[in-house]
Structure formats: structure tokens, C-alpha cells
């Protein structure tokens, strides 16, 4: 009876408290009963359960073998923690990772739990398996208040973890200022290295912690490298930590020159160097000028080394251009606005010759420098004392003299350039002071290149030795071939420096005049080595006057190389340009309707940001799931075909029936000019992303896109008979024919004939033998240009949003057609040569042999359908099938094996240009199924 009453009481208590009222005898079961109560700090319930239980409070459970005391310390359940300690829980018990309850309390900032654990003699010096103590955990998380309490119990504040790192290391790395101060006040070793030799200052700099680095330096921390020689400054530059770098230089001024010299280290990321120098330059104008001077010094040194034939061209060229790029970046973003000089941008007029090599804005900046105040190296004083020019002016002066020298000798003897061999000599590497003295000497004593030549011809090499010349180049060597690349690289550097002083889009008059002055030599360079154009003469793309001087040489270069140059500059600064199907986000997807693709595409493209379209294109057809490269290609293909839809009246078919040009009567469509702009955007966007369009234009329209004047022969595309008549006029004497032609023509405008003058007063000016050529040109311009000028302007407005005029002029009208529309014919042999096989197929398999036999038998139109079925495009890019694009770049046409079942059709994955071809039992079945797929399944996408 008594036992029954006890059970009834337990039942009642359990129901009232909604929990068990006694622990199971099994520790494993009991601990999981207690654990949620401990986590919730339900100490009364825990006490009640433990009171009548034999449960082992030190029982370790779970994967990491922790006790309930660990759980209480980790969760901050201080009441349960005290209860467990009173019942004999071990405060120093370590889990499988070596952590004690004190470690967990410290890591999570449980102050009360820490205090109670210390009261019960928790050992603060115990390390976990990684060597971390409680003090490490407090330092990692910056728990300074708790650290103050704990250090009183610590015998060694510099206890090391497995990597030799102390609490000070990790506090500095994480930027906890008050924690660092507490540790230092408690006697932490400020210069203690870890196992790799890294000090606390090293750790602070590795994560750009300027505040903790400042504290360490103020407390006397030494500037020490690790065992691999990596310094705190190296770490600051590698991470782009400008503020921390500034702190280091304030305490160790000698590091400034080290930083400047680091611009030559090609292993350091250029953008990180820029970031650091940008921050430093914005601190004060003195600092800004000091950085410019330092960079100019290093650039000048590298430039002169590059002009030395004994140096490594590749290494010195890269180093010079890298330094100059950094210099220009710093120049543009300084705290002051040094771009206040008199240098006006090129506006198409020739610059007066008296402005050649006039000291301009960069030099004006250098004149502000007080050398003594800036404490620069001794050789800098030479520049200031002997010349008004900035350091870079010495390099530009040398460049000018070399070019003048070569021009003079080429003029005297164009076949033999050995006379100047003595001037273009191997030089030993010089330091900056040697170069400074040498060029002051060369400028002051020689005066000009004639003096240098005279002394060289006389055998007097004393003046040559003054600038480090050792021995002449071997006779018979082509001096221009040896020096053209080097001088061209310095010219590129000169252009960059001139450009950084100008408003964007304007070319420095000084550089314009420089190129004009050395025109013949530069043309000689590119004639000998055309690759120089693509490597160093990028300025041609930014100045029409200069481009016109070299255009005949540029267009003589291989089409492939010009294409590479075109895309190199077109895509500069655009990341991941091959992934044109990649959307920035869901809102950037172009959602279009297949049944109204032209109008719906026009709406979404006009609403889209131009820069985002350059970064990536994603297209989805309304009601279809598919997305990816194949869908993008199909969109361009169908959309370009819709442009010539007669319903829009935008383009008319030419006489040959295969090409199109703008319709002079397109105004029947009220929105025609906006549509022309849209057409221009689509073609520009397609060219930008290397997508082909399914449309061919007349040669005259390609000329309009390129800015090339049309001629009477272009009239043949729209009116062959009229073109023959114009040809006849030019070929025959019309003096006595009595044609009575005037400089006006009659034109049909919507059924009404109107007389249109070809020039002012043209109706009263007769066409004669003397002016007939002018007449033919004017009437050609009327038919081919004036009649469609608004349409051309609208198209170019859209096209130039993606393709700059300066870049597209690299090509002629035939090449532009190749770029836009690809090859009109499909070469089956090239197709076979550039096809891959997968999923079980090999080139020699019977099914593959049948497939290619069927392709040979297909009509040209069916081959186009097959190409479109697999790749999403009906055109082959320039260069053939080897250049077909896939979802992530070049992707060969691929045929994959699929198990055969009756009536199974071939399928495709257009994003990867893959034809999934069943293993058909006969050639006849293969051909039948393939044609069904081509004629019935070419459009529409679902997810593969």
C-alpha cells in the first residue's frame, strides 16, 4: 500500500510538472534528460532529480565527450553550474578536443560562469589540443573585461598554442585594441615570434588592423620579418591595407622608399598597390607629391634600363608600364587638383610647334615639392638643382633624342643603319643616381644628337662612357629591329602619362605633336614589326588623327590579330564576358514573347541598363523554362530575322535578293527611328558578345556603320541598271551629247515626284565633262546616304552604345559582315574535323559514319537547320567550327550516344552544342528521324 502511494505521488508530481520526477538509473539516458534543463538553467528541477539519484555528474557523453558542467559553462547556466560544482563536478575535465568548462565560458563570454569556475579552482593554464588556453579565447573575441579578471590567475600571459601564437598575437590579428592594451599591461612580450617567426605586429598587419598596429608601434614593437623574409609592409601591400601601411611609414619613414620600390615587384597585385598608394596620397598634398616623385624616379630608372639593349626587354617593359599605370592612377586621385595647367585637349586642330615638350601639368605638380622638407634621397636634389623638369622629363628627353637620332640616320642612309650602332649600345644596369647624373651630363655636354654622333664617329667614347656605355653592337645587326620594341614601350608609357593629365576622351596636344614629329620613324617601326601596333600603340584607338596616319598599316595586318585587338579593348574591364547568359539577378532576365519577339524585345532592351547588358545577357521566352547560351543564340537569330520583316518597313531587299539596307520610306511606321536605334543596339550587342545575326546588309550599309564614304559602285546593290548608267557617264565624254542634266534629280516620294537639288542651286547648274565626277558622287550620296540619313543616324546611335566608332574602323565592310553574320556557307569537312564524341561514341563508329554521310546528302538549308538545332545559331563564326561558342567559352560541336528505342528522335543541348544521337540500326532510319527532328523540333526549349 505504501509503495503504491509513493508511485501515485510520483505520477502526480510528474503530471503537474510536465516532466519526469526521477532519473533513469542508466547514466546515458539520464544525462539526456538533464541536458535540456541545464541548458535552460532550471536548477531546481536539476537539483530535485539529482537528489535521489546516483547519477555521475562527471559523466561524459556525446561525440565530443563533454560533461553537464561543459554544457552549463557553454550556455551561461550559472545556477546549474554552481549546483554541479557543489555535487563534485570536475572544473578541469577536458572533452575530446581538450577544452575545459573554463575554455567554453571564456569563448562565449560567460563572466559569472568563469568566476564560479575560478572559485572552484579551475586551472587557467590548461591548453586544449591546439594549445589554446582560456586567455586565448578571450583575446580572440576581445573580451577585455573578462581578461582583466582572468590574468590575475595566469602565471604566464605568453602561453603559446600549437603554432606558437600567444593571446597577444590573436588579439592583434582581430583588432581588439583594449584587449591588446590589457595584455601589454599584464606583461605580454610585444615582439614574441610564433613558430614561423611572425610577431604580433606581423599579425596586426596581416589583417590590416591599423589600431592594434599603432598601439604596438607606440609601445616599441620592432619591425621584424618572419622566417621567410615576409615583412609587415609586405602584408599591408598584399592586402591593400592603406591605413595600416600609413601607420608603419609614420613610425618607420625608411619604409616609404621600400614601398615605392615594391611597384616593380610583378608578384604583387597591381590593384592592391594602387589601393595602398591611393590612401597614402589622399592624406596630404606633401604625401601626394612625395609619392608622385618616388614613382617618377622608379619609372625613369626602369625606362632607361629598358632603353639599354643589354636588359631583358620583356621584364623591363612590363615593369615600366606597370609603374606608369600606378603613377597615372595616383596622379588622378590626389587630394589637390593638379590638372589645372594650360594643356588643352586635342580638338582636331594641329597643335602649335612651340608647345612641343613644353613642361605641363605633371611638371607643375613637381614644382610644388620642397625637397628638403620631404627628406628624399640625395639624387632627387640633382633634379631640383639642375633642371626645372620632373624626373620623367629626363626619360621623355632620352626617348625624343633616340627617335631624332634614328630619323637622321635613316634619312642619310636608309639601307644601312649601322652608323648609329655606337649610340644604341649595351649598358650596364645603373642605379637612379647614375642615371640622373648621366642624363644631366648628356643633355648639358652633348647638346644634341649631332654632337653625340660626331664624337662616336671620331672614336671618342669618353662621352659614351659617361652614360654607362660599354661596347658597340656587332656590325650588321638591325638596329631598328633591336630597339623598336623598347622605344615603342617607352612611347606607350609617355602616352599614358600625357593622357592622365587630360579630361577623359581627349588626347594631349603634346603627344599629338610628338607622334607627328616622329611619324616616319614610328611607321618604320610598325612596318618592320607590325605587332608593335597591338602591343604598344593603343593610343591609335583614341585619336582619329593619329589613327588615320597608321590605318593603312593596321588594315594590312591579319584579320585574326585585328579581331583580338578589337575584343581586347572592347572588353577591357568587363569580368566574365564569355558567360553572356549569366544574369546579375532575376530582374535582369530579358523576358520576351516568342509571338511578338521584335516588339517585346525592343521594350525590355530599352528598359535595361547598357552596362549590365555588357556584363551579361539572360533571355527567357514567355511560357518556356529554358535559359542559357542556346536560348541567347536563338534570340539573336530570330530577332535579326524579324528586323527585315516587311511588316516593320525598316529594311528593303537589295537587287541581289540576299542583302538588305534601310528603307528610305520607313517613316510609314511612326516609331521607325526608335526601331532603327533598337536594331543598332541588337547588332552592337551581338558583336560585343560574339553572337552571330541572321541578316546580311548591302556593302553600302556596312560602309555607313564603318564611316567609310560610299561610291557609285555601291548603287548597284539597289539599282544595277542605274549604276551602269553612272559608270557610262564616267567612262564617256558627255560634252556634245546634249543630256541637259543638272545637279538635281526627280524622286518619287509616296507617289508624288519631287525635284531634289544635289547641292545649293543645283537645278540651274549643268553637268559637264569637267564636273561629271562630282555629279556622280553627289547623286550616289543622295541615293545611298541622304535618302536614309535619319535611319542611319538612329541605327548608329544604338550600335555605338556597345561598339565605339574608333574600334570598329579597324575593319572593312567585308570583314564587318564576317564579324556580324559569320560564314554564309557550311564546310562539312571543317565541321567533321572540329566535332567531338562522347558517352560511348567514337569517330569510327558505324552510326557516326552514317551521320556524316547523311549530312553530306543534306541541302544547304537542311545543314543550317541542323546547325541551329544543335547550337541555337544558323551561322558559323569567322574561323570556322573551331570557334563555336558554348555556355562558358569555346565549345566544339559534340555528338553523344543515346540508347535506341523505336521512333526515338535526336535531341540537343544547345548550351553545350551537343547532339544526342540514338544508336540507330540503319542509315535510312537515322536520316528519317533526323529530318523529322529538324523540321518539327527546331524551336522551343525545356530544361534538359
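These residue numbers are counts, starting from 1, taken along the chain as shown.
Note that Cβ sites are derived from N, Cα and C of the backbone, with glycine treated the same way.
For reference, Swiss-Prot has these:
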{"type": "ACT_SITE", "residues": "911", "note": "active site, glycyl thioester intermediate"}
{"type": "DOMAIN", "residues": "609-944", "note": "domain 'HECT'"}
{"type": "REPEAT", "residues": "23-55", "note": "repeat 'ANK 1'"}
{"type": "REPEAT", "residues": "64-93", "note": "repeat 'ANK 2'"}
{"type": "REPEAT", "residues": "97-126", "note": "repeat 'ANK 3'"}
{"type": "REPEAT", "residues": "130-159", "note": "repeat 'ANK 4'"}
{"type": "REPEAT", "residues": "163-192", "note": "repeat 'ANK 5'"}
{"type": "REPEAT", "residues": "196-226", "note": "repeat 'ANK 6'"}
{"type": "REPEAT", "residues": "228-253", "note": "repeat 'ANK 7'"}
Where else in the chain does the repeat 'ANK 5' (163-192) make close Cβ contacts, counting only residues six or more beyond its ends and a cut-off under 8 Å?
131, 133, 135-136, 138-144, 147-148, 151, 154, 157, 198-201, 203-204, 206-207, 209, 211-213, 215-216, 219-222, 224
What counts of helix, strand and coil residues does DSSP assign across the repeat 'ANK 1' (23-55)?
22 helix, 0 strand, 11 coil
Considering the repeat 'ANK 1' (23-55), which listed stretch of 64-93, 130-159, 196-226 counts the most C-beta pairs under 8 Å:
64-93
Over the repeat 'ANK 2' (64-93), what does the predicted model average in pLDDT?
94
Residue counts for the repeat 'ANK 7' (228-253) under DSSP, helix then strand then coil, are 18 helix, 0 strand, 8 coil
DSSP tally for the repeat 'ANK 6' (196-226), helix/strand/coil in that order, comes to 16 helix, 0 strand, 15 coil
In the same chain, who gets a Cβ under 8 Å from the repeat 'ANK 6' (196-226) while lying at least 6 residues past its ends?
163-166, 168-177, 180-181, 184, 190, 232-236, 239-241, 243-244, 246-248, 251-252, 255
Sequence-distant contacts of the repeat 'ANK 4' (130-159), meaning Cβ under 8 Å and at least 6 residues beyond its ends, amount to 97-98, 100, 102-103, 105-107, 109, 111, 114-115, 118, 124, 165-168, 170-171, 174-176, 178-179, 182-183, 186-189, 192
What is the three-state DSSP composition of the repeat 'ANK 3' (97-126), stated as helix, strand and coil residue counts?
16 helix, 0 strand, 14 coil
Taking DSSP states H, G and I as helix and E and B as strand, how many residues of the repeat 'ANK 5' (163-192) are helix, strand and coil?
16 helix, 0 strand, 14 coil
Taking DSSP H, G, I as helix and E, B as strand, the repeat 'ANK 4' (130-159) contains 16 helix, 0 strand, 14 coil
